[in-house]
Amino acid sequence: MQRNTKFITLMAALATGVAAAAAPTPNPNNYTASGVTIENVATSSFTDPANSAQTITGTSNTVRTTVLPLPGFDIVYGSGAADGGGTDSNKANGINSAIAAPDYRTDIKPGDTVTNTYYLVNNGNTPLNVQIAANTTGNSAANATSGIGSLSPSAVTYTYADSAGTAVTANNGTVTLPVNAYITVTQSFVVPAGAAPGTLYGASPVGTVVGTGTTANGVTTGQTLGEGQTVSSGTPSAAPAATTDLQFTVVKIYDPVLANSPTAPGGNVTPPGTTTPTPGYTATTPPTSGNGAPPASGTAPGTTLITVSGDQQFAYPPADTETANPDVVRFKNTVTNGGTLTDTISLLPVNSTGAGAVTGFTKTSTGTYTGTNADGKTVTVQFLDANNNPIDSVTVGANASADYTTQVTYPDSNSLPNQHVLDLIIKATSGNNPNVSDLTTDTIQPTQAQFGDTSSLTSPPTKPLAVNPNTAQSQTGTPGSTVSYAMSVANTGTYTDSYTLSGYVTVTLKDNSTRTVPVVYSGTNVTQTGTTTVNGVTFNTYTVSNVAPNTSAPLTATVTIPADAAATGTSATAGTLPLPAPTLQQTASSVYSDSSTKGPGSGLSLTDTNNLLVVSVAGGVVTGKFTQTTGAAATPPTPAANTQKVTGNPGVPSSGAPSATEIGNPAGYDALATQGYLPQQAYKYDIIAKNNYNTGISNFRLSDKLQRGLQYVSATCTVYSSDQANKTVVTSPTVATAAGTGADAGTTTVTCAATTLQPGQIEILEITVKVQ
């Protein structure tokens, strides 16, 4: 098919609203229409031989000539561009990007309708029935080497109009082309919805005429006439071949340049478990009502740090003390349109995989989706604009960007003993080409921990990491000794954390007062970092640092039992001994989640309050006997009070001031020197017993056996609160005497009635006697 040189080159691009170009001139060689009969009559004239002044004329018979059909037609671009011209490699014959606009178009989107105008022009002298079909594969010599999409010929449609713009009806794709006329051909096809960016699609109309006889349409019956071919004796010429005289309309599918990424943080944060600043930001707090308020009364768990690494964000929410409602984290995202067209980019959460998978998303309202995490709990994702309005999409101009917020509401970190990450994959899809999308990942790393006895610790892979604070242990020690408890902090969260350790136990002393005794912690990475005050006592606190997620930190909790601690029973309730064993009050608190740095409402405090401190019975009873001296002139001299002492059991007297567990001599009484008395001279013995046990002793009886030669006069028993100068009388047991019999005849036993002697109390049996 040759380009008609009489075309006025104008663009014909109906799909884009441009008016069609002026039509070509049909029958450019001005052939006489076939079927016309031409009559010719010859004439003659001469001078009449008989009369030279007269001319004689004559006429011949009439000769008639009928014009036979000489068919020819062409299909040409409405734009006036040259068609294939009979050359295989001519650009118009193939699907390539070398074709000039408007017959080549870019920025075409999947689903777009592509329309172009052609002219079917009659270049011969006879009407033709032209069948129009679509070529969608092109000539391989002219095609691009790659990137050609598949378009079915049946997807291409044609409509027709005559020169007056009146629709022309085709019969099974065949249209009648009058002589000296043209028909406007409009070609349309819809770009496949799955068209890949950058792919080329094309179509060209191909016309053919089936011969009906040399005297009918000029083509021998059964032969086929193609575009631009000539006819000789009813036989079409071989050239141009049908695949070398095409006129392709080619489109290139728009290739959006789309990026869905974290918003540039513009600063640094220091995530837990490290001292290295990392690009990141502090998450904003959502409103509690109105636009942007999280569903299910979700609450922000204090100040959440978010780090940015490539196309992924990591949120480190602290624990919060509010446990009834889910937690909320807000991520900042930016979508960038690097293409040449404004794009309405849709946002959608898609299924993630692995331990942090969130799947099965369902849209519940504008910009709001619910999914399920690996534990079967609900996670809600909302997309918000700058005014906290839920949005399904973001409209971004060419070479521009726009921000949006991804708000994630997820189960409170206190809802599970073991936490795992939540990976939210956000897909941004081009509205200009739904086959172009970009993913960004927003990861939430919840925290959790447990604190308890190491004996209850379980660890992967056989069991989940856990330590049970309800498991109790008891340690027994004597006053003045130290006891240790094996404890563990288990980090069952998803990021490294440190924990502040503090503990104390309230110990009852022998004098029935109490003392707050601190717990001292030791172990790997355990240091003393502060102090706290309980019951007016200030003691140290400790920190175990950098406990990695899904690991535990073994600790040793040590208590030094006061030297004057009272003995206890072996349980937290009164038993054989009246004092129950006290419980240690231990606490481990997250350093990262501390409310002083993460704001009100944050915090993770773990307690273990059921470990017992059993104080064993220790001590004894010391008993001393002292004789009243004869006075100031006595020989040896009368010792001053507490210058002699009795120690141990049996009692051993010696000189010197008594210790807290020894008995000192009363004033005017001696334990070392022998005293002399005349017959019938009265004097006294003081028998003193002291309870040095750290618990009360019952059924205590103090007695003295007076040997022969001593006459019993009288006696008293008195129990005192202590042996100190400010002692008070506790009780006065009755005194009983018993005369000895048999071998003990002549003796008298003096006994105090049974009583209970509490720690530190003394009992004095004072007996008045005479030498017989």
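From the backbone N, Cα and C atoms, a Cβ is placed for every residue, glycine too.
Nobody curates TrEMBL annotations by hand; they come from automatic prediction.
Annotated features, as they stand in TrEMBL:
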type     : residues : note
COMPBIAS : 262-288  : compositional bias 'Low complexity'
COMPBIAS : 450-460  : compositional bias 'Polar residues'
COMPBIAS : 468-480  : compositional bias 'Polar residues'
REGION   : 220-240  : region 'Disordered'
REGION   : 260-305  : region 'Disordered'
REGION   : 450-480  : region 'Disordered'
REGION   : 631-662  : region 'Disordered'
SIGNAL   : 1-21     : signal peptide
Long-range CB partners for the region 'Disordered' (631-662) (under 8 A, at least six residues beyond its ends), listed in sequence order, are 619-625, 668-673, 675, 688, 690, 692
Helix, strand and coil counts within the region 'Disordered' (220-240) (DSSP): 0 helix, 7 strand, 14 coil
What are the helix, strand and coil residue counts for the compositional bias 'Low complexity' (262-288) according to DSSP? 0 helix, 8 strand, 19 coil
